[in-house]
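Taken straight from TrEMBL:
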REGION    1-35  region 'Disordered'
COMPBIAS  9-18  compositional bias 'Basic residues'
COMPBIAS  19-30  compositional bias 'Basic and acidic residues'
COMPBIAS  48-64  compositional bias 'Basic and acidic residues'
REGION    48-191  region 'Disordered'
COMPBIAS  66-81  compositional bias 'Low complexity'
COMPBIAS  82-92  compositional bias 'Acidic residues'
COMPBIAS  110-166  compositional bias 'Basic and acidic residues'
Amino acid sequence: MAGPQERRKPFRGRKFHKDLREYKNQEIKRSLVHRARLRKSYFKLLEKEGEANSRDAKGHKEAASSDESPNSDSESSASEGENSESEDEDEISQSSSVKQRAPLPPQRPPKKEAAKKRPMDFLERAKLAKERKEQQKEEKLRRIQEKRRMIEQKQKEREKRKESLSKKTRTGQPVMGPKISNLLEKIRNNQ
């Protein structure tokens, strides 16, 4: 006859492990591999973003250089075009008086905003993480100290109230004044 462990159905279809050490080792390895995969995918994603930022910056540089070179070429071609246009315009100006517009000034390339948004290296990320941890630690410490101070204050108030409520007359009768004032305070706090 089988023992109670062999007859028992596994929870959610999980296999019953006879050697718990081996199972624990497998779980640890699995979690480490999972973390490594996550870390690798995270760094790949950061690299992609870094490349996208650097591509944007390069794109701005290439666009600027291409803007400058076509402008210089376009100016020379524009002067040739103006010669041909001037001949056409002479013909048009003879037929009707049309004013000639001045050529537009060359445009400046957009400022490099992408260069400012460079990806952070490992040291900067570690430094930021350390600063955040320190801030969280200080905040937690401050909250704990505030909580302790409030607890001590409430404890002192309780002791004072207890002392005033336990006052007695010479004959051993309780003093009713503090008890009545305590009841009045409770009523005020409830409202």
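Placed from the backbone N, Cα and C atoms, the Cβ positions cover glycine too.
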Helix, strand, coil: count each for the residues of the compositional bias 'Basic and acidic residues' (19-30), based on DSSP.
11 helix, 0 strand, 1 coil
In the same chain, who gets a Cβ under 8 Å from the compositional bias 'Basic and acidic residues' (19-30) while lying at least 6 residues past its ends?
none
DSSP on the compositional bias 'Basic and acidic residues' (110-166): how many residues come out helix, how many strand, how many coil?
44 helix, 0 strand, 13 coil
